[in-house]
Structure formats: structure tokens, C-alpha cells
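Listed in Swiss-Prot for this protein:
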- Ile37, Val38, His39, Ile40, Gly41, Val42, Gly43, Gly44, Phe45, His46, Arg47, Ala48: NAD(+) binding site (BINDING)
Amino acid sequence: MPPLKLNSKNLAAILNAGKGQIKVPTYPRNGAVKEGIVHIGVGGFHRAHLAVYIDRLMQNHGVTDYAIAGVGLTPFDKKMRDILRSQDHLYTVIERSAKGSFANVVGSINSFLFAPDDREAVVAKMAHPDTHIVSLTITESGYYYNENTHELVSEHPDIQFDLDPANEKTPRTTFGFLYAALARRFKQGLNPFTVMSCDNMQKNGAITRHMLESFARLRNPEIAEWISKKGHFPNAMVDRITPQTAPADITALANDFGIQDDWPVVTEPFMDWVIEDHFCDGRPPFEKVGVKVVKDLRAVEEYEKHKLRLLNGSHSAIGYAGQLAGFQYVHEVLQNDTYKKFLWQMMQEEVKPLLPEIPGVDIDEYCRTLIERFSNPTIKDQLPRICLNASGKIPQFIMPSIAEAIWVTGPFRRLCFVAAAWFRYLHGVDDAGNKFDIEDPMLEELQAKAKAGGLEPHEILSIKSLFGDDLRGDKRFLQEITTAMQLIDRDGVLKTMPKYVD
């Protein structure tokens, strides 16, 4: 039997053919619900995270006021618009684990607006009274945030275009759209909508607020003041491993579940979301579907610190050394027993002692869960994906733990091994002599420093925007990282790693 095309009329047949391994939406859609959320940036992570939480609220708790209207701002988003439109805005989330696979057809995205076709329609949608939340997954570059000055990159041509009052109905950037819609609500006497960042950034809500208020001040100080007083921008921590969809995933969905979906999402069973309870125009009852809704930024930051230092730090440990060792996927690295022991000991002995205690959170269990997630052979999470843009990761995920360990005279040699592996990775050649590509906005400067420094860390550490000044003067740190660099250069990752395992 050929696979069934994913659309509304085929849902019953898809469910019947699924033999208990498929879920489909049975809740009202289209005109029977209100689109209370407008989401900018409908990619894999959004469709595996926020859209799934909303799907569960609609399916299990009768929520009808918070369906999602997706928005695409870039030409790349046309493909997503076309595929979702052809499937009645339905898509499949494939959860994979060592225990098997499960397919969930998600219907929480109710419509999709492609901004290049009609920018005014997007502004009007966001300004509509039914819109309570505008959520974002626009990646770091979409925030026009200068990490050195912590200010809006106001000189960017697209920001300059959006600051021109003549272009208010045809904005280009997220902040141009947000401002135009909020200005319209201001003039209509409505409340502002909540702006909810779902990007994997520290203080994502605070950054969003500062960037939008900065934009608005340049445009209209009165509206900027209104946004400052009445607008809410909750901070959040998000987590779900979501690799890019491959052609093989589309084929497997058709073969294993009988569903023809042109752009499914593949992910793991685990997902997490901690969000500050800071909304100005209502919100869904997120607590009912497992979201941790907390009272303030400090509570978010405690969860975030666990994730950044343990999950993201471990990803860094797996990625750069794993690529040097010739591995392709995350789970392959974890199949090496020495590597698995290294990861566990780094988390338990060097990172865990630095973390705050959170009521109800068992750090040991969290670490075990991470090892299980990383070991999942069905996700096929590629190392190049987690190695992307390391200049924004190592200074966040590894170096702060080293600095804190030095401060409390704790151990940090394994963390130094991770940093040394990244320094070596910058040469773009693995331990067998095979070249690989590196994607990093600072690549030219980093590679020049790596080449000039040789087997000494001083040149790379001289980049103050990444490393500051403190570590460069610590003799213990310099000795540990230099030793690791020299051992990796001489013996390679796999022969060096046993020296870092007890």
C-alpha cells in the first residue's frame, strides 16, 4: 500500500494504519480556533518544541485560543510555507530512541504567512487583538546583538531600512515587524503582546527587550516608553535535540508509518522548557503539559546554568575532540567506553560541584539522562552540527567552569582537555590527516591565532572578546591547557584521553 499524503482528510486513515504507533490531532482547527500565538522562524526546533507543547494543550486540555500562525521572513522560508500549505499545515514529529520510533502528527500550526509576499499582512496579524504572544526562533544573528557592546547593531542596513518611517508597512527584520505591530496596537489603545524568545541564548528575554526598546527609541521615544512600561519579555531555557531532517527520514516515515510528509521533524523523546511567568496579555496553561513556569529570571538562570555547563559543555567535549578522532555522529563517540568515562567524570567531578542546587532536581540523574540522550543511535546527530560557531560556545560552556574551578581550587584538567581539543580543531585537520570544514564567524582570526601560537595557548587566549584577561595569568591553567595541547598534537585524541580518565 502506498503511503498516505499527509493532509486533514487522510488523518483517520493514517491513524488506522498506524497500529498504535501514530497520534493525530482530533481537536478543532482552522476557523474553529483563535491564533493567539504568532511565531517567527518556523524551523525544526520550533516544530519539535513550542508547537508540540501547544499541540498537547489543544489535544488534551481543550485549549482553543492559542493556535499558532507561523511567519517566515526570509526567502528560504518559502519552501516551508509551500509544504505546510500542501499538507493543511500538518506535519509529523518522529521521536526516536533505542526503544523504537513513534510518530505524532501535529496540528497546532494553523496558518503560515510568508512575509516577502505580503509584509503588511504579517504586521496586521501581529497587531490583531487575538494575538497574545509573538514568539521567536530566529537564531543569534536575528537579534542584531553586539556581544561586545551588548547593544543593537543599529548601523546594519536592514535595521536602517526598518528605522525609516516610510518603510513601516514593509519591514525586513524581526524588530521592524515587532515595532510596526506594537505601534499599531499602541495607536489602537490595545495592550502590547508578549514577545517570547525561544532561542537557545542566555537571558534571551532580556536581550530581546533591550534590542526592541533600543530600536523603538530610535524610531519613536513615546512608543519605546510604552513598550518599556507595559511590554513583557519572559526569559526561558529550552532543550530538545533536533537534528536537520534528511531525505532518509522522509523515506523512513513513508516506509515505517505509511505517511508521506515532505518535511517531518526528527527528534528525541526528551524535551524541556523553563520559562519566567512574565506575560502581559495572557498565556496558555503551560504547566499542564510539563513546562516549568518559574517566578523570575534568577530561577531560569539556575536551570540554564545546569544546561549550559552540563549539556552544552558535554556537547563541546564530544564535538571537537570527536571530530579530531574521526567520528561522524554523537552516539558513535559515546560507544567508546573511555570517552564515556571521560564525559561522566568531567560532569561529576569538575562541573557538578560548581552548580547551584535546585529543589526537585537530581543532578546525578540529569547527568545520567544526558549520557542516555547522547548515546541514542537513532537520532544520528552529526558532529559538525554541534561544532558550529564554537567561538560563541566554548567561552560560554567551558571557560566559565574553568574560571570558577580555579577560584575554588577545584579540578579542571578535563575541561582544559576540551578547550585544547577545540584549539587543535581550529587547524581543520583530524588526527588521521583528513581535512574538514569549519563554520565560525571568527574563523579567520581564530585560525591565524592558532597558527601563530603553535602548541602554546597564548595567542588564542589573547582574544579578549572571548576570554577576557583573568585566565591568561593563571599558571595552573596555562600548564594544564599547554600539556593537553601538546599531548593531543603528539598522540591524537584517542591515545591521549586515557590519561584524563581515573
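Using the three backbone atoms N, Cα and C, a Cβ is placed for every residue, glycine included.
Mapped onto this structure are the features recorded in Swiss-Prot.
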residue: Ile37; record: NAD(+) binding site; Cβ contacts under 8 Å, 6 or more apart: Leu50, Ile54, Tyr66, Ala67, Ile68, Ala69, Thr131, His132, Ile133, Val134, Ser135
residue: His39; record: NAD(+) binding site; Cβ contacts under 8 Å, 6 or more apart: His46, Leu50, Ala51, Ile68, Ala69, Gly70, Val71, Ile109, Val134, Ser135, Leu136, Thr137
residue: Gly41; record: NAD(+) binding site; Cβ contacts under 8 Å, 6 or more apart: Val71, Gly72, Leu73, Leu136, Thr137, Ile138, Thr139, Gly142
residue: Gly43; record: NAD(+) binding site; Cβ contacts under 8 Å, 6 or more apart: Met80, Thr137
residue: Phe45; record: NAD(+) binding site; Cβ contacts under 8 Å, 6 or more apart: Thr137, Cys198, Val238, Arg240, Thr242
residue: Arg47; record: NAD(+) binding site; Cβ contacts under 8 Å, 6 or more apart: Tyr91, Val93, Val106, Ile109, Val265
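Look at Gly43 (NAD(+) binding site): DSSP puts it in coil. Mapped onto three states, the DSSP output places Ile37 (NAD(+) binding site) in strand.
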